[in-house]
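Some notes on the structure that comes next.
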Protein chains: 2
Amino acid sequence: MMHKFEEKTIRSEKIFEGRVVRLQIDEVELPNGKTAKREIIKHPGAVAILAITPDDKIILVDQYRKPMDRALVEIPAGKLEPGEKPDVTAIRELEEETGYSCEKLELICSFYTSPGFADELIHLYLAKGLQKVENPKSADEDEFVELLEVTLEEALQLIQEKKIYDAKTLYAIQYLQLKEALNKSE
Amino acid sequence: MMHKFEEKTIRSEKIFEGRVVRLQIDEVELPNGKTAKREIIKHPGAVAILAITPDDKIILVDQYRKPMDRALVEIPAGKLEPGEKPDVTAIRELEEETGYSCEKLELICSFYTSPGFADELIHLYLAKGLQKVENPKSADEDEFVELLEVTLEEALQLIQEKKIYDAKTLYAIQYLQLKEALNKSE
């Protein structure tokens, strides 16, 4: 069904096609008949994994993020390969980034990260029943990460210190806080 | 202090400079001495506002989002103008998008939305003490939004229906759920 504010594409111009993103400019017809230009980033989508170890720690990765020129501590994440189902990506990325396999994988939720200018959709999974893989597939050769295993309290401290500073990780940590609070109030 | 995985910029090539985003490709030196290319979106940053009415409803905006070619229901948000402080942006965007001013504005947290490829930083505010502005400043002329005022339960229903489907809004709703759960467990 058409949305009342739908913006019809008049033309779409591809500006750049990269390894990760595509940039295009769409000229659109607005609901009032006028036209406008929209700068749009197309992204393959990604998964993120809230992985909980048998001793109830959260697995985090410390990595350098070039767009901000700083390191961030995040939950493990990675892009979808073409045609790959998100749960397959999640299992692959968990093994590549952390060396763990998991017995139980459950979708928490999915969300667009920057709907104003990008179509990136992240699927957030909860992984439990973790087991160390003997010869784990290794990560992309241009990816350098350090693993951390932290308690919920330690994760909250990393948020205070602004080392954890991205939407998916903040959402995942808050998800655990909510779960804990709901358990207590039962 | 230098991070152990720091990626030094060898050169940076500007591909596109738009009204909202800039795209550049940075060639970097990796920790192992090899080089890699990073596709980077530069964004001015944004604010989002969790605005609670005197009768405890959440203000949401229903708008068309061209990158996904669909409508989304989100909390009010908007880009920072050059040199504008985030709390000033928050007050301006709240008035422009909803017609409300607020007596109390409090930063909940800030987060990068897509640290793998973009530097967009969103500052999320809690706005209370809302009052209808008589002649509110109007929104950007290419912005068409419909206002909703919903209870927390109704917001959770919108999440179920995937009408609410973006990171900042999911985080904000979960923040309210956590607050409510913590109140109950006290």
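Glycine residues also receive a Cβ, built from the backbone N, Cα and C atoms like all the rest.
TrEMBL annotations: computationally assigned, not manually curated.
Site annotation (TrEMBL): Mg(2+) is bound by A:E93, A:E97, A:E143, and the candidate from A:A77, A:A127, A:A155 recorded at this site is A:A77. When averaged over the motif 'Nudix box' (A:78-100), pLDDT in the model lands at 96. For the motif 'Nudix box' (A:78-100), DSSP puts the residue distribution at 13 helix, 3 strand, 7 coil. Other than the site residues A:A77, A:E93, A:E97, A:E143, same-chain residues with C-beta atoms no more than 8 angstroms from the centre of those residues' C-beta atoms, the Mg(2+) site, are A:V61, A:P76, A:G78, A:E96, A:A139, A:D140, A:V145.
Residues 20, 43-47, 49, 51, 53, 59, 61, 107, 110, 123, 125, 127, 130-133, 136-140, 143, 145, 147 of the same chain lie 6 or more positions beyond the ends of the motif 'Nudix box' (A:78-100) yet place their CB under 8 Å from a CB of it. Broken down with DSSP, the domain 'Nudix hydrolase' (A:41-172) shows 31 helix, 58 strand, 43 coil.
Counting other Cβ atoms within 10 Å of each Cβ, the binding-site residues A:E93, A:E97, A:E143 show the lowest value at A:E143.
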